[in-house]
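Taken from Swiss-Prot, the feature [4Fe-4S] cluster binding site covers C72, C73, C137, C167.
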Amino acid sequence: MELRSGNSMVVAPKSKGIIDPNTGKLIGSDDRFFHDINAELSDKGFLVTSADALITWARTGSLMWMSFGLACCAIEMMQCSMPHYDNERFGYAPRASPRQSDVMVVAGTLTNKMAPALRKVYDQMPEPRYVISMGSCANGGGYYHYSYSVVRGCDRIVPVDIYVPGCPPTAEALLYGILLLQKKIRRTGSIER
């Protein structure tokens, strides 16, 4: 299937024959990306490209999160899912199982008794997996920092990618943390720890 337009031959994709009234040429015929693809297709008959950009784009637009709500910060995390903020419009949807989740949001005071459960849930998540630490208690122990039963930050148990400060942080702060995580994934393709 080919279409001849002047001196150039268009191989793929098949043109719909829509002509731009301003220029008199086929729409898309002056697109540099379109010409590069057509040149490679007409030369070899197939296209060789990297799927990294596509995978990174899909990964940032479909982050599935799992709640690990331990204390009062979990209320703000729930508020983030309500219609006023609607975090699903950013491609950030909740999942109940760690095996279907990409992101774990640790919200609240992590105790020594709960730490092995946190690690077990983290280990059940598929790669690549990300962790958002939400609130002062999850970040560094918070108000209960000097208690004998409190872990002084969930980063001692699992690697943390984004820290959201506050006691409790607002839903806007969590949304900002989600957007920062997406930006980091877009910039690097993954997050180096």
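Cβ from N, Cα, C; glycine included.
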Check: same-chain CB within 8 A of [4Fe-4S] cluster site center, minus C72, C73, C137, C167: A71, A107, G108, T109, M134, G135, S136, A138, G142, Y143, G166, P168, P169
Of C137, C167 (the binding-site residues), the residue whose Cβ has the fewest other Cβ atoms within 10 Å: C167
Most Cβ neighbours inside 10 Å, all chains, among the binding-site residues C72, C73: C73
Assigned conformation of C167 ([4Fe-4S] cluster binding site) - DSSP reduced to three states: coil
